[in-house]
Structures are given as structure tokens and as C-alpha cells.
Amino acid sequence: MSNEAYVPTAAEARADEEFLRAQEASGTERFIKRHSLQARVTHGVTIACCLWLVVSGLFVFIPALAQAAGPGVVFAMRMSHRVIGVAFIAVPLVSALLAPKGVRHIFRNLFAKWDSDDKKWMILFFPYLFMAKWIHMPDQHELKSGQRFADGMLWFSGALMAVTGVILLVGSTVASFPAVYAWTLFLHDIGFFLICVFGLAHIFLGAGIFQPYRGSARLMFGDGMVSESDALYHWGHWAREELESGENVVEKEARR
Amino acid sequence: MAEKAILFDTSQCSGCKGCQAACKCWNDLPSPTALNADAPSFTGTYQNPPDLSGVTRLVMTFSEEQGGPKGIKWAFGRRSCQHCGDAPCATICPAGAIFVDEATGLVTTDAARCIGCRFCASACPFDVPRYAGDRGVINKCTGCVDRVANGLAPACVTTCQPGALSFGDRDEMVARAEERAAVLRERGYADAVAYGADEVGGLHVIQVLKYGAAAHGQRPDPAVNPAVQLTQVMKPVTGAVTGLTVAGLAAMFALGAGYKRDRRAYNPATGDTLDVDTREVIKHGDGQDTESVKEHILENLPRRKGGDHE
């Protein structure tokens with residue numbers, strides 16, 4: 001069954017027109033608060049750590065790079081990898097302890113039941129990535145189904161890197177368990193593989209490099225707010241819920 | 001130069017530990033001399049130090065067991081790098097600090113390139129490489145490739161008085177070991193074996209083990225941890241998939257060029273989601289989408305911006 005254009009009643013059409021005129025006359029635009037300052041700071045620190053861990057890790061992961069850089073540089077990279085690795089683990093943990101409700105909220109969203117729009121969105125996602133100009137996507141809740149999957153993979157690979165990283169650190173400093181160490185190294189490599197793939201996709205979409213996602217960077221690197229228009233496009237169900245409750249809605253001067 | 005090997009015949013070893021001392025001398029490796037410096041307390045064994053370390057590349061092991069034609073089996077063992085044919089330490093070393101000497105097949109090291117990651121220690125089926133914390137590098141037998149390149153035998157071989165150690169072409173060492181093991185078996189040492197011909201791709205330390213592999217502290221069936229090969233597989237796989245991901249994202253970016261989206265607004269009073277520019281109702285209410293996937297993909301005409309009915 002196809003979505004056919006909805007024809008509003010005369011009264012509805014009048015109300016919609018008045019609503020749009022009032023919005024234009026006010027010179028303001030509605031924004032929805034999406035991410036708290038703490039979430040943005042945690043995300044920012046984690047990203048900085050993650051990027052440095054990727055760069056410093058490459059000096060051990062790629063033999064040609066290690067050999068070209070020489071042992072002095074590689075040693076410095078390895079040591080920084082350990083120090084930054086501690087920050088990569090500690091900062092989200094401290095943040096989680098400071099905001100347990102936020103953590104529950106994140107995981108509730110990650111494991112929320114998929115409705116028919118979620119499933120359809122996921123099926124359409126790959127065609128959409130290449131045909132964004134022509135495909136309109138089904139409305140989504142606070143986390144798109146694809147986001148739930150991709151964010152879940154990032155959470156999983158981040159946790160895998162953290163746990164295996166600690167084991168590698170312990171196994172190369174205060175303890176010796178060669179066989180476990182070798183398997184842990186392999187799992188660390190698996191985590192790196194996942195971070196490469198899902199991290200790149202996350203940057204491409206989240207930083208708004210992909211044209212339909214322009215402005216997304218503001219959510220985590222700006223004031224944490226999303227415009228009404230963008231919210232309706234990306235998370236339609238959530239946006240309408242928020243706009244109706246008005247709890248997290250602020251009006252700001254319209255961008256022209 | 002043909003592949004070389006060290007031959008260790010335990011039946012001729014007197015347990016003098018001269019090889020241990022020679023290794024220390026040639027490689028300028030210190031020996032802790034304080035009381036009980038190597039072991040936490042006196043263990044009653046002639047074996048000293050108890051195991052390999054950051055300053056010890058070769059340890060003679062001493063094992064006593066009841067049995068054998070003379071009622072007791074006093075088995076000397078040689079604990080050091082076995083110079084594997086398929087050396088997993090060289091495979092996993094990211095810095096190229098452990099590598100196979102092409103001229104001899106011996107697995108040697110270049111401390112100047114070592115980054116101290118200890119991946120080699122995790123890969124070794126014989127638990128040989130040790131980390132020298134004070135120097136931040138790994139320590140293991142180099143096969144004395146510097147001596148060999150100059151026509152000498154490794155230091156341990158040169159110093160061996162009873163002739164338990166020899167050095168030469170690997171094929172010859174293997175043949176001699178098998179011949180000697182057969183002689184020992186004929187003399188009543190039923191467990192005598194030649195060890196190292198086929199293990200881990202063929203070792204470059206061939207041993208005649210008078211009382212069998214286990215009695216002399218050797219692993220009867222050494223195996224490389226499969227994780228070593230898997231980590232090697234992960235490198236090209238990660239590179240290839242990351243490259244594909246970047247290419248895919250670049251294609252998405254190129255196809256997304258010129259993308260424009262109309263502004264939207266939501267009127268809670270009517271439940272209408274509106275296109276701000278065209279004033280059209282994009283969607284009424286908040287129900288689930290009713291189009292099929294196919295319709296979503298094919299709806300490329302602007303006039304088909306349909307809304308949901310509720």
C-alpha cells in the first residue's frame with residue numbers, strides 16, 4: 001500500500017498556514033536539545049583518545065611503518081598508546097558513574113524493540129546511501145535502527161579494545177601469560193578492524209560529510225541541539241514527540 | 001651457503017655448562033652474582049639460573065628420573081632458541097627485529113630495531129624470548145650469525161669440550177642425529193630420538209635426546225599458537241576492508257553532490273508535518289510508514305512526496 005498525499009481539511013489547511021506564518025513572523029526557529037554538555041564532552045574526549053589510539057596503534061599494526069619510523073618513535077607511540085588508552089577507558093567510565101540515568105537511557109535506546117519503520121529503514125539504508133536524493137526514509141525514533149546497530153558495534157568494539165588493551169598492558173608489564181596474550185592480541189586486532197569500519201562510517205555520517213547529514217556535527221561538537229527541520233527529517237517520530245511535549249524545545253533566531 | 005644447524009647430542013653432554021658461560025662471554029651478557037640472585041631460594045638443583053632471562057640466552061637443564069638401563073636417567077637439556085624453520089616470532093615481530101638469516105636459516109635478532117612489544121614472546125612455541133627490561137629489548141639466542149658469517153661456529157659449540165655440540169650443514173646434522181639415536185636405541189635406550197628435523201617447519205637446533213623428548217625438557221609436539229597466523233591475516237583484511245569502506249563512502253559523497261532538502265516544520269495542533277516552502281503536508285500524524293520498500297526506492301519524482309493517512 002502506498003503513501004498517498006494527505007489532503008487536509010479546509011480548517012486544517014488554514015491552521016497550518018497560520019502556524020507557518022506565525023513561525024516566519026517570529027523570526028525564530030525551534031530547536032530540540034538532544035545531547036547534554038557532559039555527553040558532548042565525554043564524546044569529544046573519547047574521540048580524541050580514539051583517534052590517537054588508532055594513529056599510535058598503527059605503528060605496531062603496520063610493520064612497514066614501525067620499521068620506517070624506527071624504534072625510538074615506535075617506543076614513544078607505544079607508551080602514548082598506553083597512557084591515552086587509560087583515558088579512553090577512564091573518561092567514559094567516570095562519565096557513566098556521574099550520570100547513571102544517561103547510561104540507562106543510552107542502552108534502553110540501543111536495545112529498543114524494532115518496529116516496522118525501523119526494519120524498513122534498515123533495508124533501505126544501503127540504497128539510500130547511494131540514492132539519497134531520491135529515496136525518502138521512514139520516520140525514526142530517538143535512535144535510528146541503523147544507528148542502534150552501528151552505535152552498538154562501536155560500543156562493542158570500544159569495550160573489546162578496552163578489555164583486551166588492559167590484558168595486553170598487564171601481560172607486558174606485571175604478568176606473563178604468552179598463550180592468552182597471543183589470543184588477546186588477535187581480539188585487539190578484531191576490535192581495531194571493527195573500529196576502522198564502523199568508526200569511518202560514524203565519522204562520515206555523524207560529522208555531516210554525507211550531504212543529507214549536513215549539520216549533524218553540531219549535535220556533538222556544537223550546542224547539542226538539532227533544528228526542528230533536521231529532527232523531523234532524521235528522527236521523525238522522536239521529533240514530533242519532543243515538539244508536542246515542548247520540554248526540550250527552545251526557540252532561537254532563525255538561520256537565513 | 002647451505003642451511004646450518006647446531007647438533008646437540010645429550011648422550012655426550014657432561015653437563016659442564018661451558019656453553020652457557022661461552023654464550024654469556026661472547027654476547028657480553030652479565031650474570032647476577034648476589035646470593036640467590038637468580039632464584040628466590042636455593043632449590044637444590046645444579047641448574048642455574050633456573051630459566052632464560054633478559055640476560056640469559058642459554059640454560060642447561062638437569063632432570064633426574066628413575067628408570068633406564070642403569071636405574072636412573074640423568075637427562076641434560078638445552079633450553080634456548082630452537083631456530084624454527086617457520087619462526088612465529090619472526091612472523092609476528094612488527095619491527096623486523098627478529099628475522100631469519102637467509103644465509104643460514106638461523107633466527108637472529110637486531111636489538112637496535114626491537115621496540116620491546118614482546119609479541120615474539122607470546123608467539124614462541126618454546127617460550128624462549130625474554131624481555132630485558134633495563135634495555136627495553138627482547139633477548140634470545142641469535143645463532144651467533146656474526147661468528148658464522150666469519151667462518152666460525154657459534155660460541156656455545158666452539159667451547160663444548162666433550163663434543164656434545166657440533167655445527168654444520170643442517171642436512172648433515174639431521175643425518176648424524178638420526179644415526180646416533182639409532183645407535184642409542186640399539187644400546188638399550190628405547191626412547192632415544194632425534195628431535196628437530198620436522199618440528200615447527202624444521203628446527204635449526206637438532207637434538208639427540210637419549211631418554212626421549214619430555215625427559216630432556218623438550219616439547220614432544222610443539223605447535224604454534226594459531227592466533228599468530230590469525231593476527232597476520234587481520235592486517236591485510238583490515239587494510240582491504242578499510243580501503244573498500246573509504247571508497248564506498250567517497251562514492252556516496254560523490255553521488256550526494258547537489259543534495260538539497262526542503263525545510264520541515266511540525267504543527268502539533270493539526271498533527272501535520274509540513275514542507276515550509278511548498279506548504280504541502282508531508283505527513284499527517286505519527287503513524288508507521290505504509291509504503292513498500294520498492295515504492296521507497298522508486299519514488300524519485302518530487303510530486304510523489306506522499307504523506308501518511310491516519
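Every residue, even glycine, has its Cβ placed from backbone N, Cα and C.
Sequence-distant contacts of the domain '4Fe-4S ferredoxin-type' (B:72-103) (same chain, six or more residues past either end, CB-CB distance under 8 Å): 1, 5-6, 8, 10, 13, 15, 19, 23, 51-52, 57-66, 109-115, 117, 119-126, 128-129, 137-138, 140-141, 143, 145, 148-149, 196, 199-205, 207, 209-211, 215-218, 224-225, 228-229, 231-232. The domain '4Fe-4S ferredoxin-type' annotation in TrEMBL covers B:72-103 (among others).
Positions annotated as domain '4Fe-4S ferredoxin-type' by TrEMBL: B:105-134 (among others). Regional average pLDDT for the domain '4Fe-4S ferredoxin-type' (B:105-134) in the model is 94.
Cβ atoms under 8 Å from those of the transmembrane segment (B:237-259) belong to no residue of the same chain, restricted to positions at least 6 beyond its ends. As annotated by TrEMBL, transmembrane segment applies to B:237-259.
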